[in-house]
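> I'd like to ask some things about the structure below.
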Amino acid sequence: MSLFTSFLLLCVLTAVYAETLTEGAQSSCPVIACSSPGLNGFPGKDGHDGAKGEKGEPGQGLRGLQGPPGKVGPAGPPGNPGSKGATGPKGDRGESVEFDTTNIDLEIAALRSELRAMRKWVLLSMSENVGKKYFMSSVRRMPLNRAKALCSELQGTVATPRNAEENRAIQNVAKDVAFLGITDQRTENVFEDLTGNRVRYTNWNEGEPNNVGSGENCVVLLTNGKWNDVPCSDSFLVVCEFSD
């Protein structure tokens, strides 16, 4: 065999062998791929939400329990007045009730009698009396308007002597200069009692009344029993007069 022939045969064998290797490689698997399976990998990220589907048909389940009542709503506006109802039947005539006040009247009369007795006892023990008149002196000095108010509260009046005996009684109970219930406030030198009646009995001190300063419109009883005109705003003792 010549050298050329040998070379040609070697080339043919090489080509056949290479083709055989190629086919064998295609029919076999790689070393890594043909080994045992590996572990599962981590889950991938969630995909995007799909489009909203159509509303399904109502289910066939049982109805749930009723929920708790809600809060009371605000009061509504007042309604229109209703129509007048029918007149009811006339009621029976009531019976008159008479209240017996006999016992109460008797008790009131007894209390009044007791008060009169107490008042008389006080007047007799703390005052001078002439007949049915009692004269009681205060220990405070005040102008005539307050003197009138004080005697009025005690159900009396400012003492006004009608005669010499009453004048002495007032002098004895006062024991100091005291107002008399006599003025000439309405008409100068026309002296009247506090009810507006002109006085008939007088007992002026010598030279009185002199109306010094044109403001002496009230009268006081001096300690000697004589009278003197003074301003009504001056303060003197008060003698109140009470009648039995």
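Keep in mind that glycine also has a Cβ here, set from the backbone N, Cα and C atoms.
The shown structure was predicted, so the numbers you read here are calculated from the model rather than taken from an experiment.
The coiled coil feature in Swiss-Prot is assigned to 108-126; the stated evidence is similarity to another entry. For 45-57, the entry in Swiss-Prot reads compositional bias 'Basic and acidic residues'. What Swiss-Prot lists as compositional bias 'Low complexity' is 65-74. What Swiss-Prot records for Cys151-Cys240, Cys218-Cys232 is disulfide bond. Look at Swiss-Prot and you will find 129-241 tagged as domain 'C-type lectin'. Look at Swiss-Prot and you will find Pro43, Pro58, Pro69, Pro78, Pro81 tagged as 4-hydroxyproline, backed by sequence analysis. If you look up Swiss-Prot, you'll see 43-99 marked as region 'Disordered'. If you look up Swiss-Prot, you'll see 1-18 marked as signal peptide.
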> For Pro58 (4-hydroxyproline), identify the closest of the recorded positions Pro69, Pro81, Cys218, Cys240, judging by Cα separation.
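Nearest candidate: Pro69.
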> Roughly how many Å lie between the Cα atoms of Pro78 (4-hydroxyproline) and Pro69 (4-hydroxyproline), rounded to a whole value?
24
> Please report the Cα separation of Cys218 (disulfide bond) and Cys240 (disulfide bond) in Å, rounded to an integer.
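Answer for this pair: 16 Å between alpha carbons.
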> Rounded to a whole number, how many Å is the Cα of Cys240 (disulfide bond) away from the Cα of Cys232 (disulfide bond)?
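Their Cα atoms are separated by 17 Å.
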> Are there residues of the same chain, six or more positions away from Cys151 (disulfide bond), whose CB falls under 8 angstroms from its CB, and which are they?
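In sequence order, Thr157, Val158, Val238, Cys240, Glu241 meet the Cβ cut-off.
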> Return the single residue from the disulfide-bonded residues list (Cys218, Cys232, Cys240) that has the minimum number of other CB atoms within 10 Å.
Cys232
> Pull the DSSP breakdown for the region 'Disordered' (43-99) and write it out as helix, strand, coil residue counts.
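Split by secondary structure, the region 'Disordered' (43-99) comes out as 0 helix, 0 strand, 57 coil.
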> Cα of Pro69 (4-hydroxyproline) to Cα of Cys232 (disulfide bond): how many Å, rounded?
85
